[in-house]
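J.: Sharing a structure with you now.
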């Protein structure tokens with residue numbers, strides 16, 4: 001111990017030591033060692049951490065010594081002071097560390113809500129900025145895509161319009177029109193030749209052939225008439241009867257009531273319309289061929305089903321079984337009921353609801369076409385018997401009477417095969433006759449006008465050529481006379497100059 005104190009004294013003497021400070025320090029160390037030994041002997045069960053207590057506030061601690069002279073901690077420990085000094089040092093360090101941690105933890109816990117609120121606000125601000133940037137990016141992308149789509153659609157529409165314009169101009173050429181007429185004429189003639197062959201060899205195909213062909217023709221007519229605002233013509237009774245016939249063939253083949261109604265309507269007002277409205281079999285005209293087919297095909301299909309269909313047990317069309325003749329009363333009742341259903345619907349949805357468009361000329365119907373046509377003849381005159389106001393109602397009454405009368409004849413055609421056959425052949429011949437009249441009276445006149453126009457063009461071209469030839473000959477003659485006159489003048493001038501020289 002004395003050697004240690006001497007070393008400390010020598011060290012402190014070089015630093016101007018404080019003797020009292022060292023003495024107090026040694027006393028504290030001795031006291032701490034004694035207390036530690038006493039506590040160890042009296043209470044050996046307690047741990048070391050409990051035996052070493054924190055210094056009193058008024059005691060002089062090792063920290064105070066360190067604060068006065070920090071170099072003490074850097075001195076090497078002496079073996080004589082080790083057992084008592086080391087626990088005190090760790091105790092003081094542990095107390096200081098606990099105090100530091102406790103103080104900082106309390107400060108952190110106090111600042112935790114503020115930090116959490118600040119972090120929440122920062123996170124919310126970042127999310128808001130990200131959302132705004134994302135929304136701006138999405139909006140920009142949508143505008144770019146919309147602009148690109150509009151630009152592409154506009155270019156595509158422009159290209160389509162240009163192509164359609166070129167195609168229309170091409171289709172209006174005289175050579176193209178003649179070529180299309182030849183194709184239509186050939187197909188019409190092929191139809192007229194193939195239909196009887198199919199009826200005789202494969203009659204079971206006729207319902208399908210009728211359905212497919214009439215559907216195609218009506219769809220094509222709709223698009224053609226739509227461009228001319230004529231599509232209300234497709235609401236007439238003839239198209240309604242075609243639909244009802246298809247319903248019987250494929251949906252209600254067992255209904256005898258529907259069979260009687262469609263037979264009377266197809267062999268009655270629909271078939272007689274070929275005679276009444278002068279349908280013409282003009283093979284190069286799709287419009288006229290469609291009109292003939294719409295009125296002629298339904299009675300032919302039912303004719304085959306009634307007389308020629310190869311089904312003796314009536315499994316495909318059971319309504320024919322046990323029905324050699326049509327019951328007059330019920331058949332007429334169902335037929336007139338179907339007609340009135342169509343007539344009321346037509347009057348409400350076309351005549352009444354489309355009245356303004358029809359008056360303005362935006363839509364054309366069969367009623368306005370017939371009643372306003374000065375060449376309609378007797379039908380138009382009778383419809384105007386009670387004045388212009390009641391002309392449509394009068395015409396509807398006339399059509400009801402016409403339907404009833406023609407249905408009476410249709411009852412007989414169902415009973416007698418030969419009468420039915422002769423009736424259909426007659427209708428076909430009437431359409432052919434009307435087509436021949438069109439070719440000879442209408443088409444031939446147009447052809448004559450074209451020939452006359454061509455002859456006039458040829459004669460005018462010949463006359464223009466003759467005038468050009470005559471003017472060229474006159475010019476050549478005048479040029480010859482001018483040359484001779486110049487020669488005579490040159491010779492006279494030469495003789496005059498010779499005389500002057502003499």
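Every residue gets a Cβ built from N, Cα and C, even glycine.
Okay, these came from TrEMBL:
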COMPBIAS  1-21  compositional bias 'Basic and acidic residues'
REGION    1-52  region 'Disordered'
COMPBIAS  22-41  compositional bias 'Polar residues'
TRANSMEM  232-251  transmembrane segment
TRANSMEM  257-277  transmembrane segment
TRANSMEM  289-309  transmembrane segment
TRANSMEM  329-352  transmembrane segment
TRANSMEM  390-414  transmembrane segment
TRANSMEM  420-440  transmembrane segment
REGION    469-502  region 'Disordered'
COMPBIAS  486-502  compositional bias 'Basic and acidic residues'
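What's the neighbourhood like for these features in this structure?
T.: Outside the transmembrane segment (257-277), and at least 6 residues removed from its termini, the chain residues within Cβ reach (under 8 Å) are 237-238, 241, 244-245, 247-248, 291-292, 295-296, 298-299, 302, 306, 317, 319-320, 323, 326-327, 330-332, 334-335, 337-339, 399, 402-403, 406-411, 413-414, 420, 423-424, 427, 430-431.
Residues of the same chain lying 6 or more positions beyond the ends of the transmembrane segment (289-309) and with a Cβ under 8 Å from any Cβ of it are 184, 188, 195, 199, 203-204, 206-207, 210, 213-214, 217-218, 220-221, 238-239, 241-242, 245, 249, 262-263, 266-267, 270-271, 273-274, 277, 279-283, 316-317, 320, 414, 417, 420-421, 424, 427-428, 431.
Beyond its flanks by at least six residues, the transmembrane segment (329-352) meets 232, 235-237, 240, 244, 257-258, 260-261, 263-265, 268-269, 358, 365, 367, 392, 396, 399-400, 403-404, 407-408, 411 of its own chain at Cβ-Cβ distances under 8 Å.
Residues 237, 263-269, 271-272, 276, 306, 325-326, 328, 331-332, 335-336, 339-340, 343, 347, 351, 367, 370-371, 379, 382-384, 420, 423 of the same chain lie 6 or more positions beyond the ends of the transmembrane segment (390-414) yet place their CB under 8 Å from a CB of it.
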J.: Hey, which bits of the same chain come close to the transmembrane segment (420-440), Cβ under 8 Å, at least six residues off its ends?
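T.: Same-chain contacts beyond the flanks: 267, 271, 274-275, 278-283, 288, 292, 296, 299-300, 303, 306-307, 413-414.
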